[in-house]
């Protein structure tokens, strides 16, 4: 059933009218009572939370744009400003008007100052803040980095709708190189859903030096490919417009993908934008317009995952069935699999403390230190 507009959700603590016999009395039924003004309790319960309580810093990472975009910018604005690049680099945090025409600007959240880097990639329609609560549980033992991918969160690019797996992979590699240079610390890639596919493709390219681990969250090629035929319907059945950010947060846990209210209060605001014409909030990322890229996200993912020359773990919500390649790979001990119970698709948001413990245990079990695998008397760096 298509969820009702969020304005029809009942407020917390309000009484419910008695339902007629055989009538659906859920908050999403057609018989729901008319909209009522939000109570103070409800507004407070679903009020946004700031990222700074979970991450230590927010950064803008600027990557030089492609030549064709530079040419387009030059044609439209004249050639003079193209030589202002050094000044623009200094002004990126101030939101320079010309910056989007010269650079892809990726928003990155960081937490922690010791241990290996846990580099997190969110799923389609989410943002880097999807890992906020988990980061707060990991940052004493690892450096957590969560990136807003192209077309998501606060990242700005010349083509936010280009969510091809090749472009997303190139973006991540470019950001890691820009942040850490030629001698990065030990890195563990973590990816959820679409971000899991990106993480696998990044690892398979073997271009990140000192990469020591790969964590994929709740995505299996066979299941993902089979679900693509239903994806447009799933997207269209979501509540599309919200009168307030609080209402969007409320919907996300009552009828949407999340089960953890605190995580929703941190992450959901970054997935929205304000629509001036409709005077309401809607989704920052129009996933329905990127359908041409979906198949390539998951096609061949299992074999590529198994081929990555690093330690690997697959975290699944519930009892998702492995496809043939992964079943054989698990029997051969090529990766570790953990089924996380009592959670939805966004494991890192729904059970952040348990998720963090799985990541930290993975790091400890594989003896991954700040510079690489730590063996008494020896530090081994993969890729050197």
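Cβ coordinates are placed from backbone N, Cα and C, and glycine is handled just like the others.
Residues or ranges marked as active site by TrEMBL: 193 (among others). A simple way to gauge crowding: the CB of residue 193 (active site) has 24 other CB atoms within 10 angstroms, across all the protein chains here.
Annotation source TrEMBL lists active site at 218 (among others).
Summarising the annotation, TrEMBL assigns active site to 345 (among others).
Per TrEMBL, compositional bias 'Low complexity' is recorded for 16-31.
Residues or ranges marked as domain 'AB hydrolase-1' in TrEMBL: 118-356. For the domain 'AB hydrolase-1' (118-356), the model's average pLDDT works out to 96.
Taken from TrEMBL, the feature region 'Disordered' covers 1-39.
With a cut-off of 8 Å between CB atoms and residues at least 6 apart in sequence, the same chain places 123, 193, 218, 257, 317 near residue 345 (active site), listed in sequence order.
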